[in-house]
Amino acid sequence: MHRPELKNFRRIVVKVGSSLLIDSEAGEVKAAWLAALAADIAELHLHGRDVLIVSSGSIALGRSRLKLARGPLKLEESQAAAAVGQIALARIWSEVLGDHGIGAGQILVTLQDTEERRRYLNARSTIGKLLEWRAVPVINENDTVATAEIRYGDNDRLAARVATMSSADLLILLSDIDGLYDAPPGANPDAKLIPVVEQVTAEIEAMAGGAESELSRGGMRTKIEAAKIATTAGTHMLIASGKIDHPLRAIANGGACTWFLTPANPVTARKRWIAGSLEPKGTLTIDAGAVTALRAGKSLLPAGVIRVDGHFARGDAVVVRGPDTDEIGRGLVAYDADDADRIKGHSSPDVMSILGITGRAEMIHRDDLVMGAVPG
């Protein structure tokens, strides 16, 4: 199958691992390599692309800054090292992107931020606003509070969740290997790179190997798990070597990599999930003008809501009905039931005075809204 071109994607998540970013001997960032990557990101940014970075390295940097001895760290030691390293990592990304006139915004997430709908919406809104302001979000797992029981444990899967959350259409995993091979390349000189994977099958998963072979496959098992998450959500993914300077430029120029393709797109996949997988917790009845606006692709504003029924929290799914009570669609609501009832019928600027907080302008954002009745 024909491999896509980087220039055809509008929102790209780039995952950078510790081994690429940090010199293991010196315990410091590989400055020249990072400068080259930042130049690649700036090039994409200049041409109107949204770029998000998922960056490892906080624990490794913290160890270096604290001059900790080599060897395994206890959980609380890792968390304390991450606290120091996160400050250093944020400053480094801010400086290298700032050299190109690009602002960077640090976002630290935990597993719950992508699993709980309320927190998911908060994180998604923050990312969306940074991108609207043409900043580059730099995202990492919050290692200072994550525990063994509630954490991603690897940034491949975190990057896939971030891509899903941000409705990215491409996820790039920069690795120490240039893609998926049909056999371990270190042990088999005849191993062949697989340029395109149209579907993650059992055969593809077998090529990635089990946990015991991760070192010889470049941690490929978690990358395949990331591919499953991303492609299910409508996001294409690719694995490419980050060991070279200007790795994104190399991809754009047709360099070696493995593409994982999906027939869906992020918005349709997300809306399919809203329509088919979530049990509605309440109902919003809207006026005729709001019905017309929604059918024209607009978001649902508080002013168009005439009745609120049910007990729902922010982030829950609700049914949207017209004045004749026919179902218009379903969506994820930005307010809980009590607040939605208080602001219904009011213009968005009134929300601050009614609730005492600066709330969302929309009751349901159009990206969180699926039009049409869902069969029972």
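Each residue's number is its place along the chain shown, starting with 1.
Placement of Cβ uses the backbone N, Cα and C atoms for every residue, glycine included.
What Swiss-Prot records for Lys15, Ser175, Asp176 is ATP binding site, and it gives sequence analysis as the kind of evidence. Taken from Swiss-Prot, the feature substrate binding site covers Ser56, Asp143, Asn155, and the record attributes it to sequence analysis. Residues or ranges marked as domain 'PUA' in Swiss-Prot: 281-358.
Under DSSP, Asn155 (substrate binding site) is assigned to a helix (H, G or I) in the three-state scheme. Of all Cβ atoms in the shown protein chains, 25 besides its own fall within 10 Å of the Cβ of Ser175 (ATP binding site). DSSP labels the residues of the domain 'PUA' (281-358) in these numbers: 26 helix, 23 strand, 29 coil. Highest Cβ count within 10 Å among the binding-site residues Asp143, Asp176: Asp143. The number of other Cβ atoms within 10 Å of the Cβ belonging to Asn155 (substrate binding site), over all protein chains shown, comes to 23.
Note: the CA-CA distance between Asp143 (substrate binding site) and Ser175 (ATP binding site) rounds to 21 Å. Taken residue by residue with DSSP, Lys15 (ATP binding site) is part of a strand. Within the set Ser56, Asp143, Asn155 that the record links to substrate, no two Cα atoms are more than 11 Å apart, and one pair reaches that distance. Those same-chain residues not listed among Ser56, Asp143, Asn155 yet with C-beta within 8 angstroms of the centroid of the substrate site C-beta atoms are Ser18, Ser55, Gly57, Ser58, Ile59, Asn140, Glu141, Asp154, Leu158.
In the predicted model, the domain 'PUA' (281-358) shows an average pLDDT of 93.
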